[in-house]
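Take a look at the structure below.
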Amino acid sequence: MSKLLHKCNDVAVFLCTLEPREGNDIGDDSKITYSELLVEVCKFANVLKDVGVKRGDRVAIYMPMIIELVVAMLACARIGAIHSIVFGGFSADSLAGRMVDGQCSVVVTADGVYRGSKLLKLKEVVDNAITLADKKGLKVHTVIAVRHLGPGAGQTPEAPAQSAKRPCYDLETTMVEGRDHWWHDKMATASDQCEPEWMDAEDPLFILYTSGSTGTPKGVVHTQIGYMLYTATTFKYSFDFHDDHIYWCTADIGWITGHSYVVYGPMANGATSVLVRSLFKSLFFIRKNDKIEFEEFQLTPTRRCWQITDKYNVSILYTAPTLIRTLMKFGDEPIKKYSRQSLRVLGTVGEPINPEAWLFYYKSIGDSRCPSWTPLADGNDSVGMSQSVHSQEACEMIKCNRGGHTITSLPGATPMKPGSATLPFFGIDPVILNDDGKILKGECEGSLAFRCPWPGMMRTVYGDHERFERTYFKTFPGFYRTGDGCRRDKDGYLWVTGRIDDMFNVSGHLLSTAEIESAVVELPEVAEAAAVAYPHKVKGQCCYCFVTLIQGVTYSEEIIKKIKQHVRQRIGAHAQPDYLQNSPSLPKTRSGKIMRRVSRKVAQNSRDLGDISTMADPGVVEELFKNRPKIS
């Protein structure tokens, strides 16, 4: 950040607050420049030093999407401490497990936050997590809490009586004497001068926990120079970033996309970003009389995106396919009420995007003029890059272990195919392997692997390097195993077919859940689909598919027949779902990813769901069990 002082008066972040009591409309906002941010980072870096944090120590951060979260993570980086950000929707158990694994004796949090209209008492969750961690031998000696909502929130030495923008006057926060400190109290006396700690290129920068295939979260370790160089470079070229652009990524900083493309990548390029908290958290459906209805106050998420886009003249929009598919339910009308003329590049991230959603993003949201990155399915429109909305999707391949985009189109340079991850980024050497680890040439389908290392790749699993080697290198010796299935077409374009774990075998045919889902949502009546494997006495496995219909369409035998017939036509009779279930909502994480583990349990009529603390709306599960078809 010190290197960006030539941009000292440029806005680093526009902060946009949404008011849940007002229907989550745009409320108060503010901004912070690079020079102002540097002052705050230096001050908090000194606060951390004052409580005993030094180079190599781990600091847990459990906060909402507020500027103090950015300050805290950059302050850790400035003094060589390793930040471990835990998404602010995780339970006390999940937080405690991550704290214990990382041996984090310092925690930074906030008193509370609204998610939609629901109040989450974050400090209370931290207190419970500390109790659980103490039982496992971890002693937390310091907690620093931002007074974000409680009485007196927002006060400063210059304005001690200033109230919060969204106060919660009945929010009581317990502070343990000697251990707990208010952020504003510590910052009031901290110096704004803090020399950065000089680090080696391969020193750890942060730990980020991600779900492991065994169900045990693994601490992905990223290092200083490789990670930051890679995120800076991919941000610049993947988004065709220029100094006059306004950039908005809707991801939460608690996930790798937020680390790479909300904080480190944009800021390393001196970008001006929009930071919005709780944008889509209140978006949900209500089932009434076998119809999906949207209450008037709940319709606001379909317009918030465009209110914010127009207000800040957003040039680059980076969001999740889940949001796009949700907006598709309501058609073009809510979108066309807003200008969106500032948009020039569109991107998607977090999961594969089906061609229909890609085309909706490109045509309806981008007015067929913005480059838009994502993957393509055979037979769908191929969109020329010269037309200009770049839709970049999750299949541009950013995962926690990769640090940044590895396969992605480049705006203005790569001819787009809706639904295809397209081609590898600079320096990435992907190969497609068969089950024996042999490299496949030409048009083919198999397991995606990388032949050479790249700067942004993870370096280890924290505290368990053997697990790192076993997970990524043992299956195919000499290659980095991504765990994704992939298809290469005649033009050399890569199509990520989904996680290998999300594939199943029907009578000897290996089927991709993503391929089946893509076929199902091609139908105009279907908004979203989730396919899972289901045991079959004859075929071994068969397809069980959850479908969410668009508003106004009634689930019927005719729809069931139409879906099955369409899948037969698009893929083949072997891929036809044996069972279909009407699902007004799907079980998703708060970041919008479908929880397939839960979907499989519902299909199997098993209530042994495991940990669902990350689920956005646990009530969806009971609705799914009620709608489950009778299976003999």
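Note that Cβ sites are derived from N, Cα and C of the backbone, with glycine treated the same way.
If you check TrEMBL, you get these features:
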- 579-588: compositional bias 'Polar residues' (COMPBIAS)
- 590-600: compositional bias 'Basic residues' (COMPBIAS)
- 27-460: domain 'AMP-dependent synthetase/ligase' (DOMAIN)
- 515-593: domain 'AMP-binding enzyme C-terminal' (DOMAIN)
- 578-602: region 'Disordered' (REGION)
- 59-81: transmembrane segment (TRANSMEM)
Do you know the DSSP helix, strand and coil residue counts for the domain 'AMP-binding enzyme C-terminal' (515-593)?
23 helix, 27 strand, 29 coil
In the same chain, who gets a Cβ under 8 Å from the compositional bias 'Polar residues' (579-588) while lying at least 6 residues past its ends?
284-285, 287, 292, 322, 528, 530, 534, 542-549, 555, 560, 563-564, 594-595, 598-599, 602-603, 612, 615-617, 620-621, 623-624, 627-629, 631
Using a Cβ cut-off under 8 Å, which residues of the same chain at least 6 positions beyond either end of the compositional bias 'Basic residues' (590-600) come close to it?
87, 89, 115, 251-252, 255, 280-281, 320-323, 350-351, 502, 513, 530, 532-533, 546, 609-610, 612, 614-616, 621, 624
